[in-house]
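K.L.:
Residues annotated as active site, proton acceptor in TrEMBL: ASP168. According to TrEMBL, the ATP binding site annotation covers GLY27, ARG90, CYS91, GLY120, ASP121, GLY122, SER123. Residues or ranges marked as Mg(2+) binding site in TrEMBL: ASP121. As annotated by TrEMBL, substrate binding site applies to SER166, ILE167, ASP168, ARG203, MET210, GLY211, ARG212, GLU266, ARG294, HIS300, VAL301, GLN302, ARG303. The annotation beta-D-fructose 2,6-bisphosphate binding site is assigned in TrEMBL to ARG472, 529-533, ARG567, 574-576, GLU630, ARG656, 662-665, ARG736. For 20-325, 403-687, the entry in TrEMBL reads domain 'Phosphofructokinase'. Taken from TrEMBL, the feature region 'N-terminal catalytic PFK domain 1' applies to 1-392. Summarising the annotation, TrEMBL assigns region 'C-terminal regulatory PFK domain 2' to 403-788.
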Amino acid sequence: SAMTSPSAVDPTRMGEGKAIAVLTSGGDAQGMNAAVRAAVRVGIYCGAKVFFVHEGYQGLVDGGHNIRPATWESVSMMLQLGGTVIGSARCQDFRAREGRTKAACNLVKLGITNLCVIGGDGSLTGANQFRSEWSELLADLVKTGKITAEEARRSSHLNIVGMVGSIDNDFCGTDMTIGTDSALHRIMEVVDAITTTAQSHQRTFVLEVMGRHCGYLALVTALACGADWVFIPEMPPEDNWEDHLCRRLSETRGRGSRLNVIIVAEGAIDKNGKPITSECVKNLVVKRLGYDTRVTILGHVQRGGTPSAFDRILGSRMGVESVMALLEATPDTPACVVSLSGNQAVRLPLMECVQVTKDVTRAMAEGRFEDAIKLRGRSFENNWNTYKLLAHIRPPEGKSNFNIAIMNVGAPSAGMNAAVRSAVRIGIIQGHHMLAVHDGFEGLATGQIEPIGWGGVGGWTGKGGSNLGTKRVLPGKTLEEISLNIAKFNIHALVIIGGFEAFSGGLELVSGREKYEELCIPLVIIPATVSNNVPGSDFSIGADTALNTITNTCDRIKQSAAGTKRRVFLVETMGGYCGYLATMAGLAAGADAAYIFEDPFTIHDLETNVEHLVQKMKTTVKRGLILRNEKCNSNYTTDFIFNLYSEEGKGTFDCRKNVLGHMQQGGTPTPFDRNFGTKLGARSVLWLTDKLKECYRHGRVFANTPDSACVLGMRKRALLFQPLAELKEQTDFEHRIPKEQWWLKLRPILKILAKYQITLDTSEKAHLEHVIRKRPGEPLQLSGLQTR
């Protein structure tokens, strides 16, 4: 049975007799503290001793008070802080063997044989070197009498696990490095602030972002703000780029735009390897076009500020995974990097990642730029292709005679407008006529439909909410009116952007095809809702923005509770029956509990939580945060739980409640939602274009197969078109949620990090994956697939 099998390890005893040291090295990145906090707490949970190393490798070499024991409470209130609390340093001493010998001596004396390193590729390469020469260093120390033979035997082997913390996202094989998403948040704040000025004054802005060797930040920024041009090191512009750039800028002005934005990565070069600086771009524009042009260099602002919700969750998940990898390591396992691929935790061999990262540099040095983009991975390539599609093509002369209508359904969510913009523009580039439907299915039934052009969606990427207007009304009762309008406006295909209502409405249109042949047109549903409850997609447009808004609010609430002392806040989040927002915000804000519908709780659980808070008030951390999803339980309402906590906490803590309400729809969309919306909008119209060609017979469109009505969703690592008919089976219609939801696997992490004695299921392991697939006679191939 499972009880007696050796595989059923008790996770709370995995770390007995082991010691782990955690250090951050190299440049700081937002989210490093989340990783440190998770590694410390999971280490303690597993029964290991955990140490902080202050000031990176320098602290490892200097030893003494730089290496100190970490406690559960010592990482409290760390989650929301930018930078790294335990300090980082660029260290020359560790590069010399003498320094590494000192470091080894310090670790042996404390019995530390497990090292968790959070840093960039330089820091991780250093860690690997340290590991490979460990036995030689110990032999030297025994020889010089610094340690005894017995001490050397006890510490005979060093385990190393790395996490990549770098805002550039320049480490190959990993989807997202800790800090990248937060850096994009900072950049977007600046871009949004600048664009308002530029529009007031009809200016051209040249914006320089970090990324000496990697154009990721520049590329995603360009996509997320609809820039006119981007310069990245991986893809130098064609030889006569100056003419092309000036022509593009004047065309944009000619179309009535008051604004030009050019993004320059600090390492941008031309085909001959000569740097392209923001100053030379500015001078070109001024000299040729005479436009009022300003340069803004972002510099270290990009590293600053609080980490985004994504970076906190990423850091926390990677911190947990790194401790698991350390405690499971044997002398034969290679040093690994823990990362996320899609939303799966993965372990990658450290040296393979370093190798591919070096291969990119070599490809660029040799002018093999196509290879460089491929080696950067799927996500980078997808972003580049989407940028090229939207930026570099002029609308065609020829028309396709197809009309594609776009609508928003459900409640507004941030990023809907980005999806509409890219769908409209890609449609125009494909030669279609684009139609805007206002107010959802209601507008389709009452004929609120009008043509929408290139300029009509200008500047929409950064706008929150829904510009087209959205309604929750389903089409069922008005199918006849809808089919008449599809005929009247000659609509050949539909893009429906929205939440669960968009999904249900799509199903109703499909079932209406038998009766109304006008409904036999291809249609695609793009998931957009803060609740993240649309079947067929791991993520919905708008959920990331909502999550950041909730997390920021919880930070302020925690601050208030910490200031008052002995106070517990109960916060109600949106999401219908879906517990995604409550769970993820709980992870990102460091909540003590998150009550959701999918993880049923009883009065016993409520008692346990109250008792936990009573104990917590006896420690140095005298505050509590509890999240409750709005529909988690019809009897245990927010008021009920508030009353229960207030009664049980008498004399120990007092309780306050907050219902967050509609502000959770979030204002300006986050970089992820802008980028995700842009990609989904573009992909949906390219797919419809193919479907329209397939379904066009004898001068008319007729689509009646299940695969002509799909949800475009992100599944693990890829964007997929899935027939509505298939997804129907995977849906709980009563509670408007998918029957299976990937994020439920993160619930135990939330509970462990809040110090509940529960068992972490370690059976579902992240396997070591290879980054490099080598076939005979072929260059290195990357198998790390990317999404974000």
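Positions of Cβ are set from backbone N, Cα and C atoms, glycine also.
Predicted automatically and left uncurated, TrEMBL annotations should be read as such.
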K.L.:
Using CB atoms and a 10 A radius, I'd like the single residue among the binding-site residues SER123, SER531, GLN665 with the highest neighbour count.
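P.N.:
That would be SER531, with the most Cβ atoms nearby.
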K.L.:
I need the CA-to-CA distance for SER531 (beta-D-fructose 2,6-bisphosphate binding site) versus ARG303 (substrate binding site), whole Å please.
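P.N.:
Answer for this pair: 30 Å between alpha carbons.
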K.L.:
I'd like to know which of these binding-site residues, ARG90, ARG567, is least surrounded, judged by other CB atoms within 10 A.
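P.N.:
It is ARG90 that, of the binding-site residues ARG90, ARG567, has the fewest other Cβ atoms within 10 Å.
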K.L.:
Can you give me the same-chain residues 6 or more apart in sequence from GLY576 (beta-D-fructose 2,6-bisphosphate binding site) with a CB-CB distance under 8 Å?
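P.N.:
In sequence order, PHE500, SER531, ASN533, GLU630, LYS631, HIS735, ARG736, ILE737 meet the Cβ cut-off.
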K.L.:
For GLY120 (ATP binding site), just count the other CB atoms lying within 10 A of its CB, please.
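P.N.:
Excluding its own Cβ, the number within 10 Å is 22.
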K.L.:
Around GLY27 (ATP binding site), how many other CB atoms lie within 10 A of its CB?
P.N.:
21
K.L.:
Can you list the residues of the same chain, besides GLY27, ARG90, CYS91, GLY120, ASP121, GLY122, SER123, whose Cβ falls within 8 Å of the ATP site's Cβ centroid?
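P.N.:
Surrounding the site, in chain order, are SER25, GLY26, GLY119, GLY126.
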K.L.:
Taking the Cβ of VAL301 (substrate binding site) as the reference point, list residues of the same chain whose Cβ is under 8 angstroms away and which are at least six residues distant in sequence.
P.N.:
ARG186, VAL190
K.L.:
Given the binding-site residues GLY27, ARG472, ARG567, which lie close to ARG303 (substrate binding site), meaning Cα to Cα within 10 A?
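P.N.:
Cα within 10 Å of ARG303 (substrate binding site): GLY27.
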K.L.:
Taking the residues the record says bind ATP (GLY27, ARG90, CYS91, GLY120, ASP121, GLY122, SER123), how far apart in Å are the two Cα atoms that sit farthest from each other?
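P.N.:
Value for the max Cα separation, rounded to a whole number: 14 Å.
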K.L.:
Using SER166 (substrate binding site) as the reference point, find which of the binding-site residues ARG90, GLY120, ASP121, SER123, HIS662 has the shortest Cα-to-Cα distance to it.
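P.N.:
Among ARG90, GLY120, ASP121, SER123, HIS662, GLY120.
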K.L.:
Please determine which of the recorded positions listed here (ASP121, ASP168) has the lowest count of neighbouring CB atoms within 10 Å.
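P.N.:
Comparing Cβ neighbour counts within 10 Å for the recorded positions ASP121, ASP168 gives ASP121.
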K.L.:
How many Å separate the Cα atoms of GLY27 (ATP binding site) and ARG212 (substrate binding site)?
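P.N.:
Cα to Cα, GLY27 (ATP binding site) and ARG212 (substrate binding site) are separated by 13 Å.
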K.L.:
Please report the Cα separation of ARG567 (beta-D-fructose 2,6-bisphosphate binding site) and SER123 (ATP binding site) in Å, rounded to an integer.
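P.N.:
With the alpha carbons as reference points, the distance is 41 Å.
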K.L.:
Between HIS662 (beta-D-fructose 2,6-bisphosphate binding site) and GLY120 (ATP binding site), what C-alpha distance do you get in Å?
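P.N.:
Their Cα atoms are separated by 39 Å.
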K.L.:
Roughly where does the region 'N-terminal catalytic PFK domain 1' (1-392) sit in mean pLDDT, to the nearest integer?
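P.N.:
That region's mean pLDDT is 90.
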K.L.:
Inside 10 Å of the Cβ of MET210 (substrate binding site), count up the other Cβ atoms and send me the figure.
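P.N.:
For MET210 (substrate binding site), the count of other Cβ atoms within 10 Å is 23.
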